[in-house]
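**Student:** Summarising the annotation, TrEMBL assigns transmembrane segment to 12-34, 40-61, 82-104, 132-150, 162-183, 214-235, 247-266, 311-332, 367-385, 405-424, 436-456, 468-486.
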């Protein structure tokens, strides 16, 4: 039998956390949408949301790193067992829907890696539609990933480390390439940077005022997502109480550095107006298109032949695809296990031993296979290419847009209660100033509230009442279902009430 915990060093934890939260595609999208002006919104999001939330998560993991429930354990003591269960159930449901989308997307980077372009729309073997084959491969991957994950926590950390190393390679590739372009023509780089600072907003119908660019505030907040998933693995790390909080704080600084340096380098090395005028470049293929443009710019700048430049373009595009493929797999390995573990192992009085039973590798194999079966059922429904089922899934996905944000809000809102109840002594707080900790909680809650309210307002503004009610019904329905489950089990046993 393997040991329960993985002896992961602080350096590896920093690598995993940094490359899981940092989104290379979000960085490129930010540059393309708003140029260097996006740095203002990243700074606002970092100061108002990400850094305070990272400190809250670091504090919770310092206290509860030895417990398997992560968010459930954090909220159970700060709020109540019922509030904790409803929150974790909401958190899990949003990740479950997201997993379906991710499994369906994995074939895109794989096809680009093998063929140099996205060929998934051409999957028509045996006269079956592409949607069928995408769903088929997604189900196969679901089974394969579940088989691997059930072999132990070390497999998940291996995926995460591999994803981290490949992402570091991609970041270094773009960093060195952009620096070389800047060195080749510094005067042009200064002009590019000025153009990037003055560029008009990519959002239609908006100006350059901060208020009109509020949609980008929502985008910049989502660019800092994923910390909760990694935090759910804290109990699987040796010396997690010491290592995890330290790794979270250092990683937060590195993530900010990656976003800021990345956007500045891309803004200096490329003419953003020229990029926007390129017909073959759009938000759907932005990451691969920009990497191809980077390879082409390098070839042109150094006077390489047409064939060598084309080879360089293919290397850049295919390595990006390889990185995204590994990133998808590492992300799927963590979100397939972390939220489920928190739900069933954090609530042993709710999910009895038949659900939370651990195999020889100390993994909840039965629960993982039940989850895999449910995922396969949903994915199989999409394979039918039925408009009703497709619309239903789109609505479910839309439901989770708000549902995924609410657990973050509740975690931040619970932090003052965590302090007031003296669950942790003042001298053990990362920042012993109570007022500052309360401010962190308020700041995170305010940012998330603005994001949620704006997301609710957007469909109302254009008269799309269906999407508005879908956003509203999502968290309400998931929360109601969780409350009913808790109440039903409460009636059968002696569960703690609110």
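A Cβ is built for glycine as well, from the same backbone N, Cα and C atoms used for every other residue.
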**Student:** Of the stretches 12-34, 247-266, 468-486, which racks up the most C-beta pairs under 8 Å with the transmembrane segment (162-183)?
**Tutor:** 12-34
**Student:** If we skip the immediate neighbours and take only residues 6+ beyond the ends of the transmembrane segment (436-456), which ones have a Cβ under 8 Å from one of its Cβ atoms?
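**Tutor:** Distant Cβ neighbours of the transmembrane segment (436-456) are 45, 48-49, 52-53, 55-56, 214-215, 217-218, 221, 401-402, 405-406, 408-409, 412-413, 415-416, 419, 429, 468, 471-472.
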**Student:** Cβ pairs under 8 Å only, please: of the recorded stretches 40-61, 82-104, 367-385, 405-424, 468-486, which one is richest in them relative to the transmembrane segment (132-150)?
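**Tutor:** Comparing 40-61, 82-104, 367-385, 405-424, 468-486: 367-385 has the most Cβ pairs near the transmembrane segment (132-150).
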**Student:** Which one, 247-266, 367-385, 405-424, has the most C-beta pairs under 8 Å toward the transmembrane segment (40-61)?
**Tutor:** 247-266
**Student:** Give the nonlocal contacts of the transmembrane segment (247-266) in its own chain as ranges (CB under 8 Å, at least six residues past its ends).
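**Tutor:** For the transmembrane segment (247-266), the list is 10, 13-14, 17-18, 21-22, 24, 27-28, 30-31, 36, 38-39, 42, 46, 50-51, 54-55, 57-58, 61, 171, 174-175, 178-179, 182, 193, 223-224, 227, 231, 290, 430.
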